[in-house]
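Annotated features, as they stand in TrEMBL:
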type: SIGNAL; residues: 1-22; note: signal peptide
type: DOMAIN; residues: 31-307; note: domain 'CN hydrolase'
type: ACT_SITE; residues: Glu80; note: active site, proton acceptor
type: ACT_SITE; residues: Cys212; note: active site, nucleophile
Amino acid sequence: MLPSRPLLHAAVFALTVLQALASDTFIAAVYEHAVILPDYTDKPVSPDDALALMNKNMDVLEEAIKEAAQQGAHIIVTPEDGIYGWRFTRETIYPYLEDIPDPAVNWIPCTDRTRFAPAPVQERLSCMARNNSIYVVANIGDKKPCNSSDPSCPSDGRYQYNTNVVFDSEGKLVARYHKYNLFRGETQFNYPKEPEAITFDTPFGKFGIFTCFDILFREPAVVLVSELQVDTVLFPTAWMNVLPFLTAVEFHSAWAMGMGVNLLSANTHNIGLAMTGSGLFTPKGPAVYHYNSGTEEGRLLLAELSARPRLSPTYPPAVNWSSFATSIEKFAGGKDTFSGAVRRDIFTFSELGHKAGNYTVCQGDLCCHLIYRMANKSKDEVYVLGAFDGLHGSLIKYHWQICTLLRCKSTDLDTCGQPVETAQTKFEMFSLSGTFGTNYVFPEVLYSGVQLAPGEFEVLRDGRLKSKHGTSKPLVTVTLFGRLYEKDPPHPLRT
């Protein structure tokens, strides 16, 4: 049956209003927070003491939220563990947890505080959002009671989850996400029974959300982007930087480019644990980022981003990551190879023995090709081309394919793959490609001092990562970081 004319007019009017409200761009913010940590204890503190500690951190976050709102931000992301820190057992984190309802209940804690069990943290976050007319993203802990009728119910009768929450500009709870891929030290939390793919719509795009270690796995990260087509990913994290491929700003920027979405990455800040590196990353590179391993200070970042990057006329075209590398003969260089370790991963390396050259290095099903020319080869520095095709990780394993041009720690080839932050050698040009067995490949270029190279490299449709006009700063690494999700073994803890 066709709708009546008045109903049709009303529907058209509503659609027109929604289109008018929709914005092509929005202002996003992330806050890197130097978390105030609780004193270590093997016994639970009182709920009042737990709330006192959380309020100290929320005092800092509230100031950042106010400042972001005053600068026009529509949404702000705060870090994983940003409200209560870490160093917990399952028992000692319990006083910090709240029961977080399903957002379908349509709840504004700021104005309806008695509707559910006492939830002072959710109430305060809701009021921060409502009072400043800004979406607020935070990481807190959720608790859910269970009983013996549930065969997977823990012996203490409750589930505990590492949880992200999102409150809209009216203070309403609009998203709740339980972290699915727990890092090895998160024994205080439970794994959700099933992965959650959490999205929500706003006038400035479709958003998805997950947490830290999740970014390395198909569920939920790839599902949100490739299947649910989100425009922007919200990413609270507590990321410990690991050179040469997994510093926060390096990998998170590469992931946003490889997946073709905005990534709003808010890291905790703790120099002792090598935690720093936040940013607002886009399909074309970082809009703004921050990395500071020298001081214990927080940092607010803001940038204007495309609300729907896929609709942009400058959206990067699809890439066939193996097209160029599989179409050419092996280069003459790279005959003399050797093995070297990047952490526990055994790479096949070939030393770049000249200021310019063509090289090929292979391992497993992966062959990596490099064309390069150095501008000012330092006699104290050695560079290599490396390839890795295999499982990474100790307890939790996942499959990587990596092609990398990297600086060794010293002229001793045994140091190739060890962490290096600085360099002196600049390159006039480089072109790196590989015979990847996946289309999920993330391009990284890292300069001396853990600096990114926005606008100074490009990815061609045939899978080549190329410099544009030479490197403006000394080069630490150029990497194509591939993930073969289908080759990942079953998760040993979740199963």
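A Cβ is built for glycine as well, from the same backbone N, Cα and C atoms used for every other residue.
TrEMBL does not curate its annotations; it predicts them automatically.
Keep in mind that what you see is a predicted model, and the values were worked out from it rather than measured.
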Q: Could you measure between Cys212 (active site, nucleophile) and Glu80 (active site, proton acceptor) for me? Cα positions, answer in whole angstrom.
A: 8
Q.
List every residue in the same chain as Glu80 (active site, proton acceptor), at least 6 positions away in sequence, whose Cβ is under 8 Å from its Cβ.
A. Asn139, Asn162, Thr211, Cys212, Pro236, Thr237, Ala238, Thr268
Q: Note the mean pLDDT of the domain 'CN hydrolase' (31-307), expressed as a whole number.
A: 97
